[in-house]
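For reference, the structure discussed in these notes is given below.
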Amino acid sequence: MLLAFLLTLVAGGATSIGAALGVLGRGTSPKALAGGLGLSAGVMLYVSFVELLPEGVRVLSGGTADARGTALGVLAFFVGIAVIAVIDRLVPEAVSPHELAGRMEGSHGHAELRDPEEQAADRMLRARLLRTGAVTAIALAVHNVPEGFATFVAALQAPEVALPVVAAIALHNIPEGLAVAVPVRRATGSRAKAFWLATMTGLAEPVGAVIGFLLLAPLLSGDAMGAILAGVAGVMVFVSLDELLPAAEETGEHHTVIYSLIAGMAVMAATLLVL
């Protein structure tokens with residue numbers, strides 16, 4: 001159980017990397033954002049289809065894939081997609097990562113405002129960005145709770161399966177930390193506030209893991225574990241197709257996105273071969 005919790009903590013803690021980039025960096029180029037998002041999508045898509053879904057089917061089948069296990073696994077996969085789609089519709093939309101480059105550059109060198117109109121406009125911008133950062137933090141924290149529980153359950157079931165899941169979620173969490181830290185830093189001028197607010201969104205994952213485990217552990221049979229693994233695959237596929245790839249494409253760096261997507265798949269393939 002300790003290993004499962006530590007892996008969940010690592011996945012959530014990766015948000016701090018994005019937060020650090022947001023408060024320390026002087027700017028993030030569209031190409032770098034496209035590459036990072038494409039890489040994350042490649043990792044998540046590959047591990048979902050090659051590792052999580054087949055493992056879920058295997059568990060549901062009692063060791064070897066059969067018609068019942070395959071049907072239940074596919075059903076759980078699409079249920080996972082449906083659940084995250086509903087959450088996506090209900091939770092306020094997070095900041096698109098492709099917008100961050102301009103905001104990061106805009107957060108430097110704005111001390112001299114020449115007239116009251118510019119000062120008023122800057123105050124309004126700061127207020128909007130502070131609200132954006134707060135709403136984004138809440139949205140991502142809610143989104144991270146089921147991710148944390150999924151990572152925790154996967155680690156309890158099979159650590160060798162959980163490792164690529166942790167890597168994928170960690171990569172996914174880096175731009176999330178960036179998305180919170182950048183507007184909060186611009187709005188408040190405080191690196192510390194921006195960093196810690198972004199970090200707190202990532203800590204929702206281990207918190208969600210502990211709460212979910214305490215509440216649901218008595219109900220987790222072998223079939224439930226298999227269904228959760230297949231459902232997590234659906235969640236990760238939806239996040240990749242609905243959030244990561246569209247945001248990456250909006251940077252205008254199409255070829256960078258494709259190359260990074262393939263690179264992410266290759267990294268996960270190599271990781272799974274080593275494991």
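Cβ from N, Cα, C; glycine included.
Owing to the predicted nature of the structure, the values given are computational and were not obtained by experimental measurement.
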Per TrEMBL, N144, E147, N173, E176 bind Fe(2+); matching candidate in E205, E243: E205
Protein Cβ atoms within 10 Å of E176 (Fe(2+) binding site), excluding its own: 29
Cβ-based contact of the transmembrane segment (32-53) with the transmembrane segment (257-274), 3 or more pairs under 8 Å: yes
All-chain count of other Cβ atoms within 10 Å of E147 (Fe(2+) binding site): 27
Neighbouring C-beta atoms (10 Å sphere around the C-beta of H172 (Zn(2+) binding site)): 27
